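Trainee: According to TrEMBL, the record shows the following:
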DOMAIN    97-560  domain 'Amidase'
ACT_SITE  LYS153  active site, charge relay system
ACT_SITE  SER229  active site, charge relay system
ACT_SITE  SER253  active site, acyl-ester intermediate
Amino acid sequence: MTLTQFGWAPELGGLQNFFRHPAKWQLAAREKRDANMDKIPEEWILDPTILADGKSRRCVVGEFIELLLDDKSRHITSLDVLDLVTGMKHGKLTAVEVVTAFCKRAAYAHQLSGLLLEIRFHEAIEEARRLDEIYKKDKRLVGPLHGVPLTLKDQFHIKGLDTSMGFVGWIGTFGGKVIKNPENVVESELVRELRILGAIPIGKAPETNNNILGYTFNPCNRNFSAGGSSGGEGAMQALRGSAFGIATDIGGSVSMPASFQGVFSLKPSAGRISFKDATNTGQGQEVMPTVVGIMAHSVESLRLVFKSLLSVEPWLYDPYALPIPWRSEKEYNPQEEPEYKPAFGLIAHDGMLTPHPPITRALDIVKKALETNGHQLIDWEWKRHVETVDIHGLIARGDGCYDVYDAARLSGEPFVPEIKNLFPNNRPKAPLPLPEYEKVVQRMKEYRQEYLEYWMSTAKRTGADRPVEAVISPVTPYAGVLPGGFSRSTYTSSINVLDYAAVVIPVTVADKEIDVVSPDFEPLGENDDLNMKLYDSEKQHGAPAAIQLIGRRLDEERLLSLAQTVVNAINAYKSEHDKGC
């Protein structure tokens, strides 16, 4: 049984041409897909009629996938990280039970949506068995994430597995280098830390579009993209194939998939979570580095995973990890400051693209929820977000993306549509000259300083002699976007330029009866006019609508506590205002 049989193959030139004249890269990709399927126990292979039913549905999260599970697996995979750990601590659950349940659900998710480039179910269950033996002998957990199954974006090395990042030419190699036993060269520092904490990796998720598995559609609404580039991990979390996920972000690659698929995420500032011994493109670009983020199903889970990772002191092993342990004193605690209500900034739009109606309504729900709870919200009057478009693009792609080009050329695979424009005439663009690059970096430094000054100036507007604690913003203009239909905005890329932290919070879902374009809508420009014309209330109906809470650089502890405050306010507001929430 193979994924190719069910259509999970890149449709480049059509399946008919594939079977007539398969290129070497197509054969390598098919071999990889089939090898993955061989790692799924036979009893977890879904019947072709179920797969056909799933592919015909708009949504496969929630009821559809849960009805495929037995009661025990359904219950276990519905639990949050802390509930899982608590259950194992008190002997109500075993690590084998937990890991097996999530592996089964991940296997179903993979067959429905093609979400695993690497599978290690057998190894994960054996690791869980060893944890159970330790618990049985010593009556203790090995760490705060004891027995918790996770998936990671396929940029992290796990011994025994390939790391391809979706490049066909990297299959069976070490970053494209042909060496003996490439899968055993190194294990990423983050994976080492997760193992110390007791967590168990069960597989690795793909980039949103690649020539091995094909395109990752949004399992919440399969009209739409899963978002990128960590769309595979976002979709895995939406289908609850693991208890939490690890992904990477350099321009919204954690935040956007989380928002599109209705899960929580943390994109921290650079240096809080180790990226040592992981693979990446543009590895020499350290001015605005890729950061490691977390996806989960609650703020509480984000906090637990983040705090646990800091407890192993990654800065002792990674020179780029900042020596900043978890700082409880930075958290907002309303019990300790009962008279103080943090103020928030509110970004209605970034000056480029107006959010579609479901996102505008999500912002309004959050605004009303916080104001009902006594918090002040002030309009964020910074007008220069558009400047970050050039800054971000020139820094992230200033090298001409030659390494992406070289990786694709190894196998002869075509460029996926999302990156074709990076290679006009099928060649990399000329790198930005160093003096020009340095000017862009200087622009970024000046922008960061001026943005911070504006942020601190809000102390004059809050009435509390304190600036706003965090800023509420759209994550993207959309609740859902068609593959290839994403328009450039600054809602996430500006956060990377600033090196700020952000937490994505799901708020509601699109409702075709409520979410209509106002007759008074006035576009911000031609692109905004086109953006709003793309809105289709019928297609977006039921799609998750989220917001992000933005905190200052290296302020993750404060931000996570504020995010919980926002979630509590939203839940209280919803309980009193059913319609429109």
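Backbone N, Cα and C atoms are what each Cβ position is placed from, and that goes for glycine too.
Heads up, TrEMBL stuff is auto-annotated, nobody curated it.
The structure displayed is predicted, hence computed values, not measured ones.
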Trainee: Near the residue listed as 'active site, acyl-ester intermediate', which residues of its own chain have a C-beta under 8 A away, given they sit six or more steps off in sequence?
Mentor: GLY228, SER229, SER230, ALA247
Trainee: Under 8 Å between C-beta atoms and at least six apart in sequence, can you list the same-chain neighbours of LYS153 (active site, charge relay system), or say none if there are none?
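Mentor: Result: LYS204, ALA205, PRO206, GLU207, SER230, GLY232, GLU233, GLY245, ILE246, ALA247, THR248.
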Trainee: Let me know how many other Cβ atoms fall within 10 Å of the Cβ of SER229 (active site, charge relay system).
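Mentor: By my count, 30.
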Trainee: Take the domain 'Amidase' (97-560) and average the pLDDT across it for me.
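Mentor: Value for the domain 'Amidase' (97-560), mean pLDDT as a whole number: 97.
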